[in-house]
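Okay, structure first, notes after.
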Amino acid sequence: MQTIPAQTGQPLSADSTSHPRGLYLLFATEMWERFSYYGMRAVLVLFLTKAMMMDKAFASKFYGGYTSLVYLTPLIGGYISDRYWGNRRSIMTGGLLMALGQFTLFFSASNYGPAETHALSHWLLYLGLGVMIVGNGFFKPNISSMVGSLYSATDKRKDAAYTIFYMGINLGSFLGNTITSLIGDKEGHPEAFRWAFLACGIAMLLSVVVFNWGKDKHLHTPTGEPVGLTPAQSGGVMGIYALLPVLLAIILGILWLDSAMFPTIAPLLGVAVIGIAFMIFSDKSLSGADIKGIMVIFIVSFFVVFFWAAFEQAPASLTFFADEQMDRTIFGYTLPASIFQNLNAIFVVVGAPLMAMVWTALGRRGAEPPSPLKMAIGLGLLAAGYLVMCFGVTNLQPGVKVSMFFLVALYFLHSVGELCLSPIGLSLVNKLAPVKFASLLMAVWFLANAAANYLAGYMSSLYPDPKSTGPAPQILGYQITSLYDFFMVFVVSAAVAAGLLFLISGKLAKMMDARNYPAPTTQA
Ligand code: PHE
């Protein structure tokens, strides 16, 4: 089990450079949870296509539907936590639900096959994913916001705390992905996928056990007040439990409708964004500077959609590519296709401290780019990653496999891009959001992720299938007949988004200044 690193120094003193023990508790809790989320996701599309016999286009959209709902439910989980449950209860409940979901997938994968002959297994698949979507809604927003609560508002260690926390996320992702790829993704053995889900269920239980063990001891503010308790005078704590089956039924209905009938999630996301914008902008107490800051959050979130939609091809089309089109042999050993997604976690863990050094060095010369510019650079790197890939697949002859160099280079560029955009965006939201709307604006950030994941599933469904006899997939009138055409879509979309964001980044930086936005963060 991950040990909680021992602390030296005075964890409660704000000027100390060490961090409170609570941070390491949250680190370990989130590490095991991300083990479970990313470990499962790494093999999901392969499980869907190779065991459940779904076609790649359907599996891609199903993956997009699932991952987008995962980032939509935090809206509900955040609301319930703020008003009724508090962070601790939400994390415990969410965590247990996610473990239950993984075990349900284990049963689904123990009796797999096409829907016509293995209907029960398919229903268990929907049920397992649905339970995990609900669970994540309670878990993810609460664990992320608790990190900040361990520090005072002005504590300089806050950015560093989020960087350390981001390391925990990626360490968990690395461990989970490695294990599930090795035990679950075995060429010609679709029955092995269940072990991946079992491992994820156990990891999720570990997360809950670690959190439960340490929550009362270590989760407090610098002045010793406990953090994340049930809000005082909150009635209806138990009543919410009765609502969980209703929420689950709604989520299952949406997941099913979206995958089997018609796009349901996209309009839902649109309604959520408009609803939130209306709630915020109709508030008369906001100052002009507040409104400018909030507009920056909305504008930046829009661009972020293009980033994650291309980035999240990793567990979908890029895994199909690794599986079918890439030479995966190294020293005579054939690596599982799903293991390549790990490169992202590795590059992030190694790259985060380096990136922090780069920003600090630039900052010393007064040349650190403002956050929107960093994000434009992130988008540019994303386009560059796909451009490298395009070189690898130019004039690809049928039956020829591409060197893994291209995918490794793509993941490297994407990971540096992620470091320019993701942690920076998180702290931008944190700092620009008026206190009153802090959670709601964090939800906007997650909503951008939800929309992006949905789009990612749709884009992955355009992956060209050489065996298909039907018409070639199209996007905005552009025909995709080869892998080159396919990857080019991401080069163009990310490059256009990067260019536009670059052009308006100066204006955005000015709008942020209006709110006395502090000097850009020096942490990655
Ligand atoms: N790797 C990040 C994580 O799992 C990706 C992410 C960024 C997810 C922002 C949600 C929001 O936390």
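Think of each number as a place in line: the chain as shown, counted from 1.
Note: Cβ is positioned from N, Cα and C throughout, glycine not excepted.
Database features (TrEMBL):
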TRANSMEM  91-108  transmembrane segment
TRANSMEM  120-139  transmembrane segment
TRANSMEM  160-183  transmembrane segment
TRANSMEM  195-214  transmembrane segment
TRANSMEM  235-256  transmembrane segment
TRANSMEM  262-281  transmembrane segment
TRANSMEM  293-311  transmembrane segment
TRANSMEM  343-363  transmembrane segment
TRANSMEM  375-396  transmembrane segment
TRANSMEM  402-428  transmembrane segment
TRANSMEM  440-463  transmembrane segment
TRANSMEM  483-504  transmembrane segment
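If you look at the transmembrane segment (402-428), the same-chain residues 6 or more away from its ends with a CB under 8 A from one of its CBs are 144, 159, 162-163, 166, 296-297, 300, 304, 307, 311, 314, 318, 321-322, 325-328, 330, 340-341, 343-344, 347-348, 351-352, 355, 371, 374-375, 377-382, 384-386, 388-389, 391-393, 396, 445, 512, 521, 523-524.
Take the transmembrane segment (235-256) and the stretches 91-108, 120-139, 262-281, 293-311: counting Cβ pairs under 8 Å, 120-139 has the most.
Same-chain residues lying 6 or more positions outside the transmembrane segment (483-504) and placing a CB less than 8 Å from one of its CB atoms are 299-300, 303, 306-307, 309-310, 313, 317, 321, 325, 372-373, 375-377, 379-380, 382-383, 386-387, 389-390, 393-396, 459, 462-464, 475. Here the transmembrane segment (195-214) has long-range neighbours at 1-2, 4, 21-22, 25, 28-33, 35-37, 39-40, 42-43, 47, 91-92, 95-96, 98-99, 102-103, 105-106, 108-109, 128, 172, 176, 179-181, 183-185, meaning same-chain residues at least 6 beyond its ends whose C-beta is under 8 angstroms from one of its own.
Within the chain, the transmembrane segment (262-281) has long-range Cβ neighbours (under 8 A, six or more residues past its boundaries) at 65, 68-69, 72, 75, 254, 291, 294, 298, 437, 440-441, 443-444, 447, 450-451, 454. Sequence-distant contacts of the transmembrane segment (91-108) (same chain, at least 6 residues past either end, Cβ-Cβ under 8 Å): 29, 33, 36-37, 40, 77, 85, 121-122, 124-125, 127-132, 134-140, 142-143, 146, 194, 197-198, 200-201, 204-205, 207-208, 211-212, 228, 244.
Highlighted: of the candidate stretches 160-183, 293-311, 440-463, 160-183 has the greatest count of Cβ pairs under 8 Å to the transmembrane segment (343-363). Proximity of distant same-chain residues to the transmembrane segment (440-463), defined by a Cβ-Cβ separation under 8 Å and at least 6 residues beyond the stretch ends, is recorded for 56-58, 60-65, 67-72, 74-75, 78, 140-141, 144-145, 265-266, 269, 272-273, 276, 279-280, 294, 297-298, 301-302, 304-313, 316-317, 320-321, 425-426, 429-430, 432-433, 473-475, 480, 486, 489-490.
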